[in-house]
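The transmembrane segment feature in TrEMBL is assigned to 6-30, 42-63, 75-95, 107-127, 133-156, 245-265, 285-308, 320-345, 351-369, 381-400.
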Amino acid sequence: MVYKYISVVNVGIQIVGTVVLGSLSSWIGVFDNTFVVDATKFVFWVALPALVINGIGVGIDFYSDAFVWDFIKVFLLIRVASLLLSFFLVIAVFRERKGLGDVAVQFLNFSWISTIVHGIPILTAILPDPAMAVFFGLMAGISSFLFQLPLQLFFLEASVLERQLLFAPEVTDEEALTAEKESTPPHEINKVDEETHLEEEHSEIKMESDAKLETPKSRLALWLELISRRDILTQVTGRVIRNPVLWGICIGFIISLSTFGKTYLRPLNDQKEPNTNYVEGLEWFVALLNWLGDMVSPLSLFSMGVWMHQQGKDLISISWLELAGSMLVKLVLIPLLMVGLVDVYDLPNTYARSAVLVAALPISLAAFSLGKQFDIGEASLAANVTMGTILMLPALLAWIEVLDHFELYMI
């Protein structure tokens, strides 16, 4: 007897197999970290924007789908809940990691879900229509770019100043002059951080003499003062505006909301009948977006495998107790919270099941890239990316069995 979810097993093995193949290619010396840099840059600047423009602009009709906004909303609420939990852990539980950057790391660990790289292949195996898999994967990820990414950058930029303020030793004028002479060479200044496909350079914000912070009486007061600084706001705003995925989302929304995609780029209408307004001369545009977008998952997963081998012994270097706690939150509590949210918003079964299963997916490699860029939480993020990927298939199958057992969101 064939297992009823053999398609999910096959896709799960396909995902893990691609990661393993990347690791093997690194082990035998075919690819190294240079490949990871180039592959992630290509995905972030070319393939992912193409997937987003095509998926949102051509594949989604925001006017006819009454539940799309609620679907986006439940993932936004998941991220808000994750942020509140992160603050609670840093303030009330952690003994040593008490900074704003530590809040950002936990926020990444809990909710920077791989909705596209892992989500679309998994949902393709579950849903009868592959186009719906792309739809749910993209809609689940929108709040990560519109809500979570700006907040992450605010917290991480502020954490740089926080560390300077609280932990940097006093420096005399003579030492400061010496350090300036021995500072980073000119060709390294504002060098693009090619380890991450999230953003470009991270130029350190310096505290000028007329803008120095006095240490507030409480950590919370310090955080509020840091994130309200104009220099941080300016830098983060510039980085978000230059984000190509955000531009892809905006272009996709324009094409969809103007009905241009639905009217002229779809060969079939909503009734699956020939679209008389379809412009066949623009077929190349949609085909090109499809072609490039199809590279996102395999290239990202393969480069993840190369990255894992390059990390070596640093891949999992945090305590197993801490890692187990993170996995409990990410793979159990977050999907459980999603079960409650989809019930509150009364989402249809297909939407509800897709939301719960996407919520159970691991975080993406981009989370580690952000931590590395700001030199914080790399060990924790690397361990969570790795263990989440290893446990992805068992966790998904367990959640599917639970939903079936209680006859929740049957499709």
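Every residue, even glycine, has its Cβ placed from backbone N, Cα and C.
Just so you know, TrEMBL annotations never went through curation; they're auto-generated.
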Ranked first among 42-63, 75-95, 107-127, 285-308 for CB pairs under 8 angstroms with the transmembrane segment (133-156): 107-127
Intrachain residues whose Cβ lies under 8 Å of the transmembrane segment (107-127), provided they are six or more past its termini: 7-8, 10-12, 14-15, 48, 51, 75, 78-79, 82-83, 85-86, 133-134, 136-138, 140-141, 144, 148, 151-152, 155, 296-297, 300-301, 326, 329-330, 334, 350, 353-354, 357-359, 361-364, 366-367, 370-371, 377, 380-381, 384, 392, 396, 400, 411
Spatial neighbours of the transmembrane segment (285-308) far in sequence, C-beta under 8 Å, 6+ residues away: 15, 18-26, 31-33, 35-36, 39-40, 42-43, 46-48, 50-51, 53-55, 58, 116-118, 120-121, 265, 315, 364-365, 368, 385-386, 389
Two-stretch contact, the transmembrane segment (320-345) and the transmembrane segment (245-265), at least three Cβ pairs under 8 Å: no
Contact set, same chain, for the transmembrane segment (42-63): CB under 8 Å, 6 or more residues outside the stretch: 69, 116, 131, 134-135, 137-139, 197-198, 244-245, 247-249, 251-257, 259-262, 265-266, 270, 286, 288-290, 292-296, 299-300, 303
